[in-house]
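Visitor: According to TrEMBL, the protein has these features:
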REGION    A:1-24  region 'Disordered'
TRANSMEM  A:46-63  transmembrane segment
TRANSMEM  A:139-161  transmembrane segment
TRANSMEM  A:181-198  transmembrane segment
TRANSMEM  A:205-227  transmembrane segment
TRANSMEM  A:260-278  transmembrane segment
Amino acid sequence: MTAPGPESLGMQASAGDRATAGRRRSRAHRLAALVPRTEWAYRPRIAATAFIIVTQVFLYVLLWRALYGEGDDTVAGMDVTQAVTYSVLATLMGTGRVIMEGASQETAQSKIRDGSVVFWFTRPVSARRYCAWRGLGESLYATTWLLSGLAIGLATGLVAAPPSAAAASVATLSYALGQGVFYHLALLVDLTSFWTITSFGINRLAAFAQTLLSGALIPLWFFPSWFTAVSGHLPFSATVHVPVSLYTGRIAAADAWPQLLEQAVWCLLLAAVGRLVWRRAARRLLVLGG
Amino acid sequence: MSAPPPAIRVDRVTKTFRSWESTEGRSWKRPFQRRRARRTAALSEVGMTVETGEFIGLLGQNGAGKSTLIKVMTGLLLPESGTARLYGLDPYADRERNAHTMGVTFGQRTQLWWDLPAHDSFTILRDIYGLPEAEFRATLTELNDVLALSSFWDTPVRFLSLGQRVRCDLAAALLHRPPLLFLDEPTIGLDVLVKDQVRTLLGDLARTGDHTIVLTTHDMAEVEALCRRLVVIDAGRVVFDGERGELAGAAHHRRTVVVEFETPPGPLSLRTAEVVSADGTTVHLRPHPGAEQRQVTDELLSAHSVRSVVFDGTKVEDVLRTLYARRPETAAAAAPTGGPA
């Protein structure tokens, strides 16, 4: 380590002049690589995730087959193949959501706790856009898990193919909308830390609500009808229950439009709330920590 | 055409924080009780102008309001009244535009991506700032030459030592070649060697003449090595703003000279200084205004046998101590207590 003279650091400041600023074009979309890259840095965690999925799927298959018995009966409008397909897909959809699981250091909560959240507000990409690109990457990462699992499931015969091409397309559209709803839900929960600083309680509650009300744990069809009806109109069901029900044909493709519309409305509504909360959060920022 | 706006202009900025009075005891009712809000002033009517190319040291005790001022200047906090401008732009309203012109470090906080190798953080920042690849490479090479980063930049940030991480953080702040730097305690907790590297880098940047640097630190050696202009903040007010050399005068703090004589000199009468105290062979003198060091020593050596002469009290640190000690009661009462610094 030598101490170089001033001539070795000819650092001329440059951003001041407009010409340079013009040459700079933000490539913020590359932030989408953040979550997959981080996950790749923790390869054992990927193995652990795969193990958990396999175990969970195995248990669901055993459980539904045992409960349905030998017959061809339908329960709550689903036969055993539909029930297994529902649960396998619901399990797969819940994985890879590292931000929601809090497995990442990249949450507002952990950034606020160590104070580094300030850097979300000192860069030319706003915190809202930063999180949105990162969220898109997370979603694509989760989708990779889903598609890989789906391919294996179809190959092994655990998962049934959708009943029609129409069902497949509306399920895909519904999944995309569901990802939007999921992102904004998780974001809103995370952003509460701007007010509460530690939002462990809120996080746990939200994670519980998400698991139960999205159908990720038990298909919503199996609950009492009033519960199914109520939860069907909450945003949580838009993330898993609706796309999976469309995929399995439990909701007919012909009846899909009201569902898709409701998902879209939730997506827009939550995005609007999210925008508002971001603005407030930015104002409320950084009273924390010296 | 009017003159270009100064790098930083802060005009009568006031910021108060609301804190909650905690109720006594640990009653179960506590979370449901309304607590009384109390407002504490973190900054009151702070004003300063920094021209392009200046390197200023922002000094003050813990909780004096330095960090709050930095946050106002970097657009993280909106002041209640008064204005802040960076090159004429509002740092709060024009946050994203200003981001290209400023680089910031905040003490021990890191902007690096914890789980990824440090070098990945640089490429992520390249994408965020939209730096052309060639420019990015050139800057990184220059930074690497001074900060010696390449030996550890493939290591995930979570495994870096504090010194390594701080160097990476400094590089991260400089990557987009910002002409304006806010460095909030950049050398806190660093060993001498790393401090030297950081100091070298800052000195180099200052010498280019087009960097404006605001440095807060508690390390007075750093201030004396780097900053010509000092701004001292105490209890949310600017108590001094001027050249480092003027600071001594501002505090009405004159140097003392400690003289060690061979034998007790007895009653002394000097032309160049007055005697403050005498204790055996040790005598404390205060030079008369205008008397130079050499004149004092000449007079002492010409008439006495002297073992040592130590000119004391010329250090910024001592002057600051005097300044802080002079804090008026009212200001002390308004100082933030336990609030954000």
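Glycine residues also receive a Cβ, built from the backbone N, Cα and C atoms like all the rest.
Surface or core, plus neighbours and distances: that's what I need for these features.
Guide: If you look at the transmembrane segment (A:139-161), the same-chain residues 6 or more away from its ends with a CB under 8 A from one of its CBs are 32, 35-36, 39, 49, 53, 57, 61, 81-82, 84-85, 88-89, 91-93, 95-98, 168, 179, 182-183, 248.
For the transmembrane segment (A:181-198), the list of distant contacts is 97, 99-100, 107-109, 112-113, 131-132, 135-136, 138-139, 206, 210, 235-236, 238-239, 263, 266-267, 270-271, 273-274, 277-278, 280-281, 284-285, 288: same-chain residues at least six beyond its ends, Cβ to Cβ under 8 Å.
Long-range Cβ contacts of the transmembrane segment (A:260-278) within its own chain (Cβ-Cβ under 8 Å, at least 6 residues beyond either end) map to 127-128, 170, 173-174, 177-178, 180-181, 184-185, 187-188, 191, 233, 235, 238, 242.
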Visitor: Taking residues 6+ outside the transmembrane segment (A:205-227), which of them lie with a CB under 8 Å of any CB in it?
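Guide: 75-78, 83, 86-87, 90-91, 93-94, 100-101, 185-186, 189, 234, 236-237, 239-241, 244-245, 250.
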Visitor: Same-chain Cβ contacts of the transmembrane segment (A:46-63) under 8 Å, 6 or more residues past its ends?
Guide: 39-40, 84, 87-88, 91-92, 95-96, 145, 149, 153, 158
